[in-house]
Amino acid sequence: MSSVYDWFQERLEIQAIADDITSKYVPPHVNIFYCLGGITLTCFIVQVATGFAMTFYYRPTVTEAFASVEYLMTEVNFGWLIRSVHRWSASMMVLNMILHVCRVYLTGGFKKPRELTWVTGVLLASVTVSFGVTGYSLPWDQVGYWACKIVTGVPDAVPIVGGLIVQVLRGGVSVGQSTLTRFYSAHTFVLPVVAAVLMLTHFVMIRKQGISGPL
């Protein structure tokens, strides 16, 4: 085992990396509320894992979406559990994100020199809301359909470009197959990639600047 370790150590200097990770100073004022960001990340990882599992059975078409979800819930082994965990972790992710934002705001974690960390956090909050909006409509039941119709219709109130935004979101004038395809692509590919990039940036800045001081 030591020879394997030495082989990697010689090429990657893994001991220096391990020392840097484990020797980071943690201020004495840090308490359990400073873990809310990490809990949100954990919920996101659970979302990715369970969401990936569901893609094997979900069919993003207006004629088969609901039936595929029903099949997952009733016929697939532990399918009901996978979807339930996905839904529960989504709710927990939103709740912990809100609490995390409140903690950062109340402790002044957004102040200089951590303004950019705050900006990436706000962008992550927007992405999280977008996850909820796009995922809610994927079963394509009555609730999902009308939620999709209402949400995509909101930009219509924007002067001049409102109608164009609505058509881009829906893939046409009305809600249909193109809308579901857009929501599915955004929920399973675009948003996860954007979230991962923002999270990496967020964590790198936290690692560089450290945790903010007490009030």
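In case you wondered, yes, glycine gets a Cβ from its N, Cα and C as well.
These features come from Swiss-Prot:
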- Cys35: heme c binding site (BINDING)
- His86, His187: heme b 2 binding site (BINDING)
- His100, His202: heme b 1 binding site (BINDING)
- 32-52: transmembrane segment (TRANSMEM)
- 90-110: transmembrane segment (TRANSMEM)
- 116-136: transmembrane segment (TRANSMEM)
- 186-206: transmembrane segment (TRANSMEM)
Using the alpha carbons only, what distance in Å do you get between His202 (heme b 1 binding site) and His187 (heme b 2 binding site) once rounded? 21
Are there residues at least six beyond either end of the transmembrane segment (32-52) with Cβ under 8 Å to its Cβ atoms? List them, or say none. 82-83, 85-86, 89-90, 92-93, 96-97, 99-100, 103, 131, 187-188, 192, 195, 199, 211
What whole-number Å value do you get for the CA-CA distance of Cys35 (heme c binding site) and His86 (heme b 2 binding site)? 21
Rounded to a whole number, how many Å is the Cα of His86 (heme b 2 binding site) away from the Cα of His100 (heme b 1 binding site)? 20
Excluding near sequence neighbours, so keeping only residues 6 or more apart in the same chain, what lies with its CB under 8 A of His187 (heme b 2 binding site)? Gly51, Phe131, Thr134, Gly135, Leu138
In the chain carrying His100 (heme b 1 binding site), residues 6 or more apart in sequence that have Cβ under 8 angstroms from it: Leu36, Gly37, Thr40, Gly121
Within 10 Å of each Cβ, count the other Cβ atoms, then let me know which of the binding-site residues His86, His202 comes out lowest. His86
